[in-house]
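Participant: I am attaching a structure below and will ask some questions about it afterwards.
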Amino acid sequence: MSEALTEQKSQKWAISLFTIGVFMAALDNGIISAALTTINESFSVSPSWGSWGITLYTLGLSVSVPIVGKLSDRYGRKKLFLIEVCLFGLGSLLVALSQSFPLFLISRLIQALGGGGIFIIGSSHILATLPKEKQGKALGLLGAMNGMAAVLGPNIGSFLLDWTGSWHWLFLINLPIAVLLVVFGACFIAETKAPEAKRLDAAGIFLLSLSILAVMYGMTNLDGANLLHSLGNPEVYGCIIFGILCFAALISYEKRVEMRGGDPILAYSLLRNHMFQRTLIIGLLSGGLLAAVIFIPSYVEQYLGVPAAKAGYWMTPLALASGIGAWLGGALTDKKGPVKTVILSGIISCAGFALFPLWVTEKWEFVIASVAAGIGFGFLLGAPLNVLVSEAAKTNKGTALGTLSLVRQIGLTLAPTLYAGFITAGFDQIGDEINSRLSDSGYSEKAMQMIPEIDSSEVSSLQEQIERIPVPEVKTAISDAIHASVASGYDHLYAAAAVVSLLVIAAISIPAFRRQKR
(Lines of atoms letter the chains of each structure in order from A and count residues from 1; the text may use other names and numbers.)
(Lines give C-alpha, C1' and ligand atoms only; values in the text may rest on other atoms or scores of the structure.)
Protein backbone atom coordinates (compact mmCIF):
# COMPACT_ATOMS: atom_id res chain seq x y z
CA MET A 1 0.00 0.00 0.00
CA SER A 2 2.78 2.41 0.97
CA GLU A 3 4.68 1.52 -2.23
CA ALA A 4 1.60 2.33 -4.32
CA LEU A 5 1.20 5.70 -2.56
CA THR A 6 4.89 6.46 -3.05
CA GLU A 7 4.65 5.59 -6.75
CA GLN A 8 1.53 7.74 -7.15
CA LYS A 9 3.27 10.67 -5.44
CA SER A 10 6.31 10.20 -7.66
CA GLN A 11 4.09 10.24 -10.77
CA LYS A 12 2.45 13.50 -9.67
CA TRP A 13 5.88 15.05 -9.15
CA ALA A 14 7.02 13.83 -12.57
CA ILE A 15 3.96 15.28 -14.33
CA SER A 16 4.41 18.60 -12.50
CA LEU A 17 8.06 18.78 -13.56
CA PHE A 18 7.25 17.93 -17.17
CA THR A 19 4.51 20.58 -17.13
CA ILE A 20 6.91 23.28 -15.90
CA GLY A 21 9.52 22.19 -18.45
CA VAL A 22 7.00 22.32 -21.30
CA PHE A 23 5.84 25.80 -20.28
CA MET A 24 9.44 27.07 -20.04
CA ALA A 25 10.44 25.72 -23.46
CA ALA A 26 7.25 26.76 -25.28
CA LEU A 27 7.37 30.25 -23.79
CA ASP A 28 10.77 31.02 -25.23
CA ASN A 29 9.83 31.25 -28.89
CA GLY A 30 7.07 33.79 -28.24
CA ILE A 31 8.80 35.74 -25.50
CA ILE A 32 11.58 36.95 -27.82
CA SER A 33 9.14 38.62 -30.22
CA ALA A 34 8.44 41.33 -27.63
CA ALA A 35 12.13 42.24 -27.49
CA LEU A 36 13.11 41.65 -31.11
CA THR A 37 13.50 45.36 -31.92
CA THR A 38 15.55 45.94 -28.77
CA ILE A 39 17.79 42.95 -29.52
CA ASN A 40 18.31 44.12 -33.11
CA GLU A 41 19.37 47.55 -31.87
CA SER A 42 21.66 45.98 -29.26
CA PHE A 43 23.59 44.06 -31.94
CA SER A 44 23.13 46.75 -34.65
CA VAL A 45 21.51 44.35 -37.11
CA SER A 46 18.64 44.87 -39.56
CA PRO A 47 15.14 43.49 -38.87
CA SER A 48 15.62 40.86 -41.59
CA TRP A 49 18.77 39.59 -39.89
CA GLY A 50 17.18 39.93 -36.46
CA SER A 51 14.31 37.65 -37.44
CA TRP A 52 16.84 34.81 -37.64
CA GLY A 53 16.69 34.71 -33.85
CA ILE A 54 13.19 33.27 -34.27
CA THR A 55 13.77 31.38 -37.53
CA LEU A 56 16.80 29.47 -36.24
CA TYR A 57 14.96 28.55 -33.05
CA THR A 58 12.07 27.19 -35.14
CA LEU A 59 14.45 25.18 -37.34
CA GLY A 60 16.22 23.79 -34.27
CA LEU A 61 12.92 22.74 -32.72
CA SER A 62 11.82 21.05 -35.93
CA VAL A 63 15.01 19.02 -36.23
CA SER A 64 15.32 18.05 -32.58
CA VAL A 65 11.73 16.93 -31.98
CA PRO A 66 11.64 13.61 -33.90
CA ILE A 67 15.27 12.76 -33.08
CA VAL A 68 14.89 13.36 -29.34
CA GLY A 69 11.67 11.34 -29.41
CA LYS A 70 13.58 8.37 -30.82
CA LEU A 71 16.54 8.81 -28.48
CA SER A 72 14.23 8.93 -25.46
CA ASP A 73 12.70 5.60 -26.50
CA ARG A 74 16.18 4.14 -26.85
CA TYR A 75 18.19 5.57 -23.94
CA GLY A 76 15.49 6.50 -21.45
CA ARG A 77 13.06 9.39 -21.08
CA LYS A 78 14.34 10.60 -17.72
CA LYS A 79 17.91 10.74 -18.99
CA LEU A 80 16.95 12.63 -22.14
CA PHE A 81 14.73 15.03 -20.18
CA LEU A 82 17.62 16.00 -17.90
CA ILE A 83 19.95 16.40 -20.89
CA GLU A 84 17.39 18.53 -22.73
CA VAL A 85 16.83 20.82 -19.74
CA CYS A 86 20.59 21.22 -19.25
CA LEU A 87 21.01 22.10 -22.94
CA PHE A 88 18.16 24.59 -22.74
CA GLY A 89 19.61 26.20 -19.61
CA LEU A 90 23.07 26.39 -21.19
CA GLY A 91 21.63 27.93 -24.34
CA SER A 92 19.70 30.50 -22.27
CA LEU A 93 22.87 31.49 -20.40
CA LEU A 94 24.87 31.81 -23.62
CA VAL A 95 22.12 33.92 -25.23
CA ALA A 96 22.12 36.32 -22.28
CA LEU A 97 25.93 36.58 -22.31
CA SER A 98 26.27 36.92 -26.10
CA GLN A 99 28.57 39.75 -27.16
CA SER A 100 28.00 39.28 -30.90
CA PHE A 101 25.05 38.41 -33.10
CA PRO A 102 26.58 35.18 -34.52
CA LEU A 103 27.11 33.92 -30.96
CA PHE A 104 23.52 34.93 -30.16
CA LEU A 105 22.24 32.82 -33.08
CA ILE A 106 24.37 29.81 -32.13
CA SER A 107 23.09 30.08 -28.56
CA ARG A 108 19.49 30.22 -29.79
CA LEU A 109 20.12 27.02 -31.74
CA ILE A 110 21.45 25.32 -28.59
CA GLN A 111 18.33 26.50 -26.78
CA ALA A 112 16.11 25.01 -29.48
CA LEU A 113 17.92 21.67 -29.45
CA GLY A 114 17.35 21.58 -25.69
CA GLY A 115 13.74 22.75 -25.64
CA GLY A 116 12.47 20.83 -28.64
CA GLY A 117 12.10 17.44 -27.03
CA ILE A 118 10.70 18.31 -23.59
CA PHE A 119 7.03 18.11 -24.61
CA ILE A 120 7.62 14.83 -26.49
CA ILE A 121 9.51 13.24 -23.61
CA GLY A 122 6.83 14.27 -21.11
CA SER A 123 4.04 12.94 -23.33
CA SER A 124 5.74 9.59 -24.02
CA HIS A 125 6.54 9.21 -20.29
CA ILE A 126 2.86 9.69 -19.43
CA LEU A 127 1.78 7.18 -22.08
CA ALA A 128 4.32 4.67 -20.78
CA THR A 129 3.59 4.97 -17.04
CA LEU A 130 -0.06 5.97 -16.50
CA PRO A 131 -3.06 3.68 -17.04
CA LYS A 132 -5.09 4.46 -20.16
CA GLU A 133 -8.01 5.96 -18.22
CA LYS A 134 -5.69 8.61 -16.70
CA GLN A 135 -3.54 9.46 -19.71
CA GLY A 136 -5.93 11.99 -21.24
CA LYS A 137 -6.03 14.42 -18.31
CA ALA A 138 -2.24 14.34 -17.90
CA LEU A 139 -1.64 14.87 -21.62
CA GLY A 140 -4.26 17.62 -21.60
CA LEU A 141 -2.33 19.39 -18.85
CA LEU A 142 0.87 19.29 -20.91
CA GLY A 143 -1.03 20.49 -23.96
CA ALA A 144 -2.59 23.32 -21.97
CA MET A 145 0.81 24.56 -20.82
CA ASN A 146 2.25 24.24 -24.32
CA GLY A 147 -0.59 26.21 -25.92
CA MET A 148 -0.89 28.88 -23.23
CA ALA A 149 2.86 29.53 -23.21
CA ALA A 150 2.95 29.96 -26.98
CA VAL A 151 0.03 32.43 -26.90
CA LEU A 152 1.07 34.36 -23.78
CA GLY A 153 4.78 34.53 -24.68
CA PRO A 154 4.74 38.02 -26.26
CA ASN A 155 2.76 39.49 -23.33
CA ILE A 156 5.07 37.97 -20.72
CA GLY A 157 8.06 39.16 -22.74
CA SER A 158 6.72 42.72 -22.81
CA PHE A 159 6.10 42.64 -19.05
CA LEU A 160 9.62 41.38 -18.24
CA LEU A 161 11.18 43.88 -20.63
CA ASP A 162 9.30 46.79 -19.02
CA TRP A 163 10.07 45.52 -15.52
CA THR A 164 13.79 44.80 -15.92
CA GLY A 165 14.68 47.21 -18.72
CA SER A 166 16.96 44.61 -20.32
CA TRP A 167 16.27 41.83 -22.86
CA HIS A 168 18.92 39.64 -21.21
CA TRP A 169 16.53 38.82 -18.35
CA LEU A 170 14.12 37.20 -20.79
CA PHE A 171 16.66 34.37 -20.96
CA LEU A 172 18.36 34.55 -17.55
CA ILE A 173 15.02 33.82 -15.89
CA ASN A 174 15.23 30.30 -17.35
CA LEU A 175 18.37 29.40 -15.37
CA PRO A 176 16.92 28.89 -11.85
CA ILE A 177 13.96 27.03 -13.37
CA ALA A 178 16.29 24.73 -15.31
CA VAL A 179 18.41 24.02 -12.21
CA LEU A 180 15.34 23.12 -10.15
CA LEU A 181 14.00 20.88 -12.92
CA VAL A 182 17.29 18.96 -13.09
CA VAL A 183 17.55 18.54 -9.30
CA PHE A 184 13.95 17.47 -8.72
CA GLY A 185 13.80 15.52 -11.98
CA ALA A 186 16.76 13.39 -10.93
CA CYS A 187 14.96 12.60 -7.67
CA PHE A 188 11.34 12.07 -8.70
CA ILE A 189 11.13 11.01 -12.36
CA ALA A 190 11.22 7.25 -12.91
CA GLU A 191 13.22 5.98 -15.87
CA THR A 192 11.26 4.49 -18.77
CA LYS A 193 12.35 3.38 -22.24
CA ALA A 194 11.47 1.00 -25.05
CA PRO A 195 12.23 -2.69 -24.28
CA GLU A 196 14.85 -3.12 -27.04
CA ALA A 197 17.89 -1.01 -27.87
CA LYS A 198 19.61 -1.64 -31.20
CA ARG A 199 22.34 0.21 -33.09
CA LEU A 200 21.60 3.91 -33.56
CA ASP A 201 20.44 4.82 -37.07
CA ALA A 202 22.99 7.60 -37.71
CA ALA A 203 22.40 7.73 -41.48
CA GLY A 204 18.64 8.02 -40.92
CA ILE A 205 19.15 10.86 -38.44
CA PHE A 206 21.33 12.70 -40.98
CA LEU A 207 18.82 12.31 -43.83
CA LEU A 208 15.88 13.29 -41.61
CA SER A 209 17.68 16.38 -40.29
CA LEU A 210 18.68 17.44 -43.80
CA SER A 211 15.12 16.97 -45.08
CA ILE A 212 13.55 18.95 -42.23
CA LEU A 213 16.06 21.80 -42.44
CA ALA A 214 15.65 22.15 -46.21
CA VAL A 215 11.84 22.12 -46.21
CA MET A 216 11.46 24.40 -43.19
CA TYR A 217 14.05 26.87 -44.50
CA GLY A 218 12.26 27.00 -47.84
CA MET A 219 8.95 27.66 -46.10
CA THR A 220 10.37 30.49 -43.98
CA ASN A 221 11.31 32.30 -47.21
CA LEU A 222 7.75 32.28 -48.55
CA ASP A 223 6.17 35.73 -48.86
CA GLY A 224 2.47 35.85 -48.01
CA ALA A 225 2.03 39.17 -49.82
CA ASN A 226 3.43 37.71 -53.06
CA LEU A 227 2.98 33.99 -52.55
CA LEU A 228 3.03 32.86 -56.18
CA HIS A 229 6.01 35.07 -56.97
CA SER A 230 7.95 33.83 -53.94
CA LEU A 231 7.42 30.23 -55.04
CA GLY A 232 9.67 31.09 -57.99
CA ASN A 233 12.48 32.03 -55.63
CA PRO A 234 15.29 29.41 -55.88
CA GLU A 235 15.73 29.57 -52.10
CA VAL A 236 12.12 28.44 -51.77
CA TYR A 237 11.52 25.84 -54.47
CA GLY A 238 15.14 24.63 -54.46
CA CYS A 239 15.15 23.93 -50.73
CA ILE A 240 11.69 22.35 -50.71
CA ILE A 241 12.49 20.05 -53.66
CA PHE A 242 15.82 19.10 -52.09
CA GLY A 243 14.06 18.38 -48.78
CA ILE A 244 11.44 16.19 -50.48
CA LEU A 245 14.18 14.24 -52.30
CA CYS A 246 16.03 13.74 -49.00
CA PHE A 247 12.81 12.50 -47.38
CA ALA A 248 12.20 10.08 -50.27
CA ALA A 249 15.75 8.76 -49.82
CA LEU A 250 15.09 8.47 -46.08
CA ILE A 251 11.94 6.37 -46.62
CA SER A 252 13.77 4.05 -49.01
CA TYR A 253 16.68 3.69 -46.61
CA GLU A 254 14.49 3.18 -43.52
CA LYS A 255 12.53 0.47 -45.32
CA ARG A 256 15.77 -1.47 -45.88
CA VAL A 257 16.88 -0.92 -42.28
CA GLU A 258 13.57 -2.26 -40.97
CA MET A 259 13.65 -5.28 -43.30
CA ARG A 260 17.13 -6.13 -41.96
CA GLY A 261 15.81 -6.04 -38.40
CA GLY A 262 17.39 -2.69 -37.51
CA ASP A 263 15.95 0.23 -35.54
CA PRO A 264 15.12 3.06 -37.99
CA ILE A 265 14.81 6.65 -36.80
CA LEU A 266 11.44 6.82 -38.60
CA ALA A 267 9.85 3.38 -38.86
CA TYR A 268 8.57 2.54 -42.34
CA SER A 269 5.83 0.33 -40.90
CA LEU A 270 4.64 3.26 -38.80
CA LEU A 271 4.38 5.52 -41.84
CA ARG A 272 2.24 2.88 -43.58
CA ASN A 273 -0.20 2.75 -40.65
CA HIS A 274 -3.46 4.38 -41.83
CA MET A 275 -4.40 5.71 -38.38
CA PHE A 276 -0.94 7.24 -38.02
CA GLN A 277 -1.24 8.86 -41.47
CA ARG A 278 -4.64 10.38 -40.64
CA THR A 279 -3.38 11.64 -37.31
CA LEU A 280 -0.45 13.35 -39.01
CA ILE A 281 -2.89 15.08 -41.38
CA ILE A 282 -4.91 16.31 -38.41
CA GLY A 283 -1.65 17.40 -36.74
CA LEU A 284 -0.79 19.47 -39.82
CA LEU A 285 -4.26 21.05 -39.75
CA SER A 286 -3.97 21.77 -36.01
CA GLY A 287 -0.81 23.76 -36.78
CA GLY A 288 -2.92 25.77 -39.22
CA LEU A 289 -5.47 26.52 -36.49
CA LEU A 290 -2.75 27.64 -34.09
CA ALA A 291 -1.32 29.90 -36.80
CA ALA A 292 -4.62 31.80 -37.04
CA VAL A 293 -4.11 32.91 -33.44
CA ILE A 294 -0.92 34.78 -34.38
CA PHE A 295 -3.00 37.45 -36.12
CA ILE A 296 -5.24 38.26 -33.13
CA PRO A 297 -3.24 41.34 -31.96
CA SER A 298 -3.22 42.90 -35.45
CA TYR A 299 -6.94 42.03 -35.81
CA VAL A 300 -7.99 43.85 -32.64
CA GLU A 301 -5.73 46.80 -33.51
CA GLN A 302 -6.69 47.25 -37.15
CA TYR A 303 -10.33 46.11 -37.06
CA LEU A 304 -11.53 46.85 -33.52
CA GLY A 305 -9.41 49.97 -32.98
CA VAL A 306 -7.46 48.80 -29.91
CA PRO A 307 -4.20 50.77 -29.34
CA ALA A 308 -1.11 48.87 -30.52
CA ALA A 309 0.43 48.90 -27.03
CA LYS A 310 -2.58 47.04 -25.62
CA ALA A 311 -3.39 44.75 -28.55
CA GLY A 312 -1.37 41.84 -27.18
CA TYR A 313 -3.40 41.72 -23.98
CA TRP A 314 -6.46 40.73 -26.00
CA MET A 315 -4.79 37.35 -26.53
CA THR A 316 -5.45 36.54 -22.86
CA PRO A 317 -9.07 35.27 -23.17
CA LEU A 318 -8.09 32.97 -26.01
CA ALA A 319 -4.99 31.74 -24.16
CA LEU A 320 -6.95 30.88 -21.02
CA ALA A 321 -9.68 29.26 -23.11
CA SER A 322 -7.15 27.10 -24.97
CA GLY A 323 -5.73 25.93 -21.64
CA ILE A 324 -9.20 25.02 -20.39
CA GLY A 325 -9.92 23.34 -23.73
CA ALA A 326 -6.76 21.23 -23.52
CA TRP A 327 -7.71 20.05 -20.02
CA LEU A 328 -11.31 19.31 -21.07
CA GLY A 329 -10.02 17.52 -24.16
CA GLY A 330 -7.89 15.29 -21.96
CA ALA A 331 -10.79 14.45 -19.66
CA LEU A 332 -13.07 13.75 -22.63
CA THR A 333 -10.43 11.53 -24.24
CA ASP A 334 -10.33 9.42 -21.08
CA LYS A 335 -14.13 9.02 -21.07
CA LYS A 336 -15.21 9.00 -24.73
CA GLY A 337 -12.01 8.28 -26.63
CA PRO A 338 -9.83 10.40 -28.95
CA VAL A 339 -12.01 10.19 -32.08
CA LYS A 340 -15.10 11.79 -30.50
CA THR A 341 -12.88 14.38 -28.82
CA VAL A 342 -11.33 15.42 -32.15
CA ILE A 343 -14.78 15.69 -33.78
CA LEU A 344 -16.07 17.90 -30.95
CA SER A 345 -12.90 19.99 -31.19
CA GLY A 346 -13.51 20.62 -34.88
CA ILE A 347 -17.14 21.59 -34.29
CA ILE A 348 -16.36 24.09 -31.52
CA SER A 349 -13.34 25.66 -33.25
CA CYS A 350 -15.27 25.94 -36.53
CA ALA A 351 -18.08 27.77 -34.73
CA GLY A 352 -15.61 30.04 -32.93
CA PHE A 353 -13.62 31.02 -36.01
CA ALA A 354 -16.79 31.42 -38.11
CA LEU A 355 -18.08 34.00 -35.60
CA PHE A 356 -15.25 36.37 -36.57
CA PRO A 357 -16.47 37.10 -40.14
CA LEU A 358 -20.16 36.48 -39.43
CA TRP A 359 -20.75 38.30 -36.16
CA VAL A 360 -17.86 40.15 -34.52
CA THR A 361 -18.05 43.95 -34.71
CA GLU A 362 -17.56 44.85 -31.03
CA LYS A 363 -14.94 43.97 -28.43
CA TRP A 364 -17.29 41.88 -26.26
CA GLU A 365 -18.31 39.88 -29.32
CA PHE A 366 -14.63 39.29 -30.07
CA VAL A 367 -14.09 37.90 -26.56
CA ILE A 368 -16.91 35.38 -27.00
CA ALA A 369 -15.67 34.30 -30.44
CA SER A 370 -12.04 33.99 -29.33
CA VAL A 371 -13.00 31.96 -26.24
CA ALA A 372 -15.01 29.55 -28.40
CA ALA A 373 -12.14 29.21 -30.89
CA GLY A 374 -9.63 28.78 -28.06
CA ILE A 375 -11.61 26.01 -26.37
CA GLY A 376 -12.06 24.30 -29.74
CA PHE A 377 -8.46 24.12 -30.88
CA GLY A 378 -7.35 23.65 -27.26
CA PHE A 379 -8.96 20.21 -27.39
CA LEU A 380 -6.33 19.23 -29.99
CA LEU A 381 -3.29 20.54 -28.10
CA GLY A 382 -2.65 17.60 -25.83
CA ALA A 383 -4.47 14.35 -25.41
CA PRO A 384 -6.47 13.10 -28.42
CA LEU A 385 -3.81 13.23 -31.14
CA ASN A 386 -1.09 11.99 -28.79
CA VAL A 387 -3.24 9.03 -27.78
CA LEU A 388 -4.02 8.23 -31.43
CA VAL A 389 -0.37 8.20 -32.52
CA SER A 390 0.75 6.24 -29.46
CA GLU A 391 -1.87 3.57 -30.16
CA ALA A 392 -0.56 3.31 -33.72
CA ALA A 393 3.09 3.27 -32.62
CA LYS A 394 2.79 0.77 -29.75
CA THR A 395 6.38 0.68 -28.36
CA ASN A 396 7.95 3.57 -30.33
CA LYS A 397 5.88 6.26 -28.62
CA GLY A 398 8.61 8.91 -28.63
CA THR A 399 9.21 8.48 -32.35
CA ALA A 400 5.50 8.77 -33.14
CA LEU A 401 4.96 11.80 -30.90
CA GLY A 402 8.05 13.48 -32.32
CA THR A 403 6.80 13.00 -35.87
CA LEU A 404 3.39 14.39 -34.93
CA SER A 405 4.99 17.44 -33.32
CA LEU A 406 7.15 18.00 -36.40
CA VAL A 407 4.13 17.90 -38.72
CA ARG A 408 2.26 20.34 -36.47
CA GLN A 409 5.27 22.67 -36.61
CA ILE A 410 5.23 22.50 -40.42
CA GLY A 411 1.57 23.56 -40.37
CA LEU A 412 2.39 26.34 -37.93
CA THR A 413 5.18 27.56 -40.23
CA LEU A 414 3.31 27.33 -43.54
CA ALA A 415 -0.15 28.62 -42.56
CA PRO A 416 0.85 32.19 -41.50
CA THR A 417 2.24 32.79 -44.98
CA LEU A 418 -1.04 31.72 -46.54
CA TYR A 419 -3.11 33.70 -44.03
CA ALA A 420 -1.00 36.82 -44.62
CA GLY A 421 -2.04 36.64 -48.27
CA PHE A 422 -5.67 37.24 -47.25
CA ILE A 423 -4.71 40.32 -45.24
CA THR A 424 -2.57 41.66 -48.09
CA ALA A 425 -5.46 41.18 -50.51
CA GLY A 426 -7.67 43.20 -48.16
CA PHE A 427 -5.12 46.03 -48.00
CA ASP A 428 -4.79 46.01 -51.78
CA GLN A 429 -8.51 46.77 -52.05
CA ILE A 430 -8.27 49.98 -50.00
CA GLY A 431 -7.55 52.32 -52.91
CA ASP A 432 -10.35 50.96 -55.10
CA GLU A 433 -12.77 50.91 -52.16
CA ILE A 434 -12.07 54.56 -51.35
CA ASN A 435 -12.49 55.65 -54.97
CA SER A 436 -15.72 53.69 -55.27
CA ARG A 437 -17.27 55.14 -52.11
CA LEU A 438 -16.35 58.71 -52.96
CA SER A 439 -17.63 58.35 -56.53
CA ASP A 440 -20.91 56.80 -55.36
CA SER A 441 -21.35 59.71 -52.94
CA GLY A 442 -20.87 62.25 -55.74
CA TYR A 443 -17.65 63.82 -54.51
CA SER A 444 -15.62 65.85 -56.97
CA GLU A 445 -12.16 65.20 -58.38
CA LYS A 446 -10.89 67.75 -55.90
CA ALA A 447 -12.10 65.55 -53.04
CA MET A 448 -10.36 62.60 -54.65
CA GLN A 449 -7.06 64.48 -54.50
CA MET A 450 -7.35 64.65 -50.72
CA ILE A 451 -6.86 60.88 -50.50
CA PRO A 452 -3.47 59.91 -49.02
CA GLU A 453 -1.19 57.62 -50.99
CA ILE A 454 -2.31 54.02 -50.45
CA ASP A 455 0.60 51.60 -50.26
CA SER A 456 -0.84 48.74 -48.15
CA SER A 457 1.15 49.93 -45.14
CA GLU A 458 0.05 50.07 -41.51
CA VAL A 459 -3.58 51.08 -40.98
CA SER A 460 -2.52 53.33 -38.09
CA SER A 461 -0.31 55.45 -40.40
CA LEU A 462 -3.18 55.76 -42.90
CA GLN A 463 -5.50 56.93 -40.14
CA GLU A 464 -3.01 59.63 -39.14
CA GLN A 465 -3.02 60.94 -42.72
CA ILE A 466 -6.82 60.81 -42.89
CA GLU A 467 -7.13 62.96 -39.74
CA ARG A 468 -5.52 65.82 -41.68
CA ILE A 469 -8.28 65.83 -44.35
CA PRO A 470 -10.37 69.02 -43.84
CA VAL A 471 -13.74 67.76 -45.18
CA PRO A 472 -15.56 65.61 -42.54
CA GLU A 473 -17.66 63.72 -45.11
CA VAL A 474 -14.59 62.76 -47.13
CA LYS A 475 -12.77 61.77 -43.97
CA THR A 476 -15.67 59.51 -42.90
CA ALA A 477 -16.00 57.91 -46.34
CA ILE A 478 -12.28 57.10 -46.48
CA SER A 479 -12.24 55.70 -42.92
CA ASP A 480 -15.22 53.48 -43.69
CA ALA A 481 -13.55 52.25 -46.88
CA ILE A 482 -10.35 51.34 -45.03
CA HIS A 483 -12.31 49.57 -42.29
CA ALA A 484 -14.30 47.57 -44.86
CA SER A 485 -11.14 46.53 -46.74
CA VAL A 486 -9.33 45.48 -43.57
CA ALA A 487 -12.42 43.57 -42.45
CA SER A 488 -12.48 41.74 -45.79
CA GLY A 489 -8.92 40.48 -45.33
CA TYR A 490 -9.47 39.22 -41.79
CA ASP A 491 -12.89 37.79 -42.64
CA HIS A 492 -11.31 35.58 -45.28
CA LEU A 493 -8.50 34.61 -42.90
CA TYR A 494 -10.81 33.38 -40.14
CA ALA A 495 -13.24 31.84 -42.62
CA ALA A 496 -10.26 29.80 -43.84
CA ALA A 497 -9.54 28.77 -40.24
CA ALA A 498 -13.17 27.61 -39.92
CA VAL A 499 -12.73 25.54 -43.08
CA VAL A 500 -9.56 23.99 -41.60
CA SER A 501 -11.67 22.98 -38.58
CA LEU A 502 -14.14 21.26 -40.92
CA LEU A 503 -11.24 19.42 -42.55
CA VAL A 504 -10.21 18.16 -39.09
CA ILE A 505 -13.71 16.72 -38.64
CA ALA A 506 -13.60 15.11 -42.09
CA ALA A 507 -10.12 13.64 -41.57
CA ILE A 508 -11.15 11.79 -38.41
CA SER A 509 -14.85 11.02 -39.01
CA ILE A 510 -14.90 9.73 -42.61
CA PRO A 511 -12.51 6.80 -41.92
CA ALA A 512 -14.39 6.01 -38.68
CA PHE A 513 -17.70 6.00 -40.59
CA ARG A 514 -16.26 3.65 -43.21
CA ARG A 515 -15.08 1.23 -40.52
CA GLN A 516 -18.55 1.17 -38.94
CA LYS A 517 -20.15 0.56 -42.35
CA ARG A 518 -17.97 -2.50 -42.90
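Cβ atoms here come from the backbone N, Cα and C positions, even for glycine.
In case it's useful when we look at the structure, here is the feature table from Swiss-Prot:
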TRANSMEM  13-33  transmembrane segment
TRANSMEM  49-69  transmembrane segment
TRANSMEM  86-106  transmembrane segment
TRANSMEM  109-129  transmembrane segment
TRANSMEM  141-161  transmembrane segment
TRANSMEM  169-189  transmembrane segment
TRANSMEM  202-222  transmembrane segment
TRANSMEM  280-300  transmembrane segment
TRANSMEM  312-332  transmembrane segment
TRANSMEM  341-361  transmembrane segment
TRANSMEM  365-385  transmembrane segment
TRANSMEM  493-513  transmembrane segment
Participant: Which residues of the same chain, at least 6 past either end of the transmembrane segment (109-129), have a Cβ under 8 Å from a Cβ in it?
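Facilitator: Here the qualifying positions are 11, 14-15, 18-19, 21-22, 24-26, 28, 56-65, 67-69, 71-73, 77-78, 80-81, 84-92, 94-95, 135, 138-139, 142, 146, 171, 189-190, 192, 382, 386-387, 390, 397-398, 401-402, 405.
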Participant: Where, among 13-33, 169-189, 341-361, do we find the most CB pairs under 8 A to the transmembrane segment (141-161)?
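Facilitator: Result: 13-33.
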Participant: So are the transmembrane segment (280-300) and the transmembrane segment (13-33) touching or not, going by 3+ C-beta pairs under 8 A with a sequence gap of 6 or more?
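Facilitator: These two segments do not touch.
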Participant: Counting only residues 6+ away from its ends, which parts of the chain sit with a Cβ under 8 Å from the transmembrane segment (202-222)?
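Facilitator: 55, 58-59, 62-63, 66-67, 70, 230-231, 233, 235-240, 242-244, 246-247, 249-250, 253-254, 257, 264-266, 406, 409-410, 413-414, 417.
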Participant: Cβ under 8 Å, sequence separation of at least 6 from the ends of the transmembrane segment (493-513): give me the contacting residues as numbers and ranges.
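Facilitator: Sequence-distant neighbours of the transmembrane segment (493-513): 274, 278, 281-282, 285-286, 288-289, 292, 295, 339, 342-343, 345-347, 349-350, 353-354, 356-357, 373, 376-377, 380, 418-419, 422-423.
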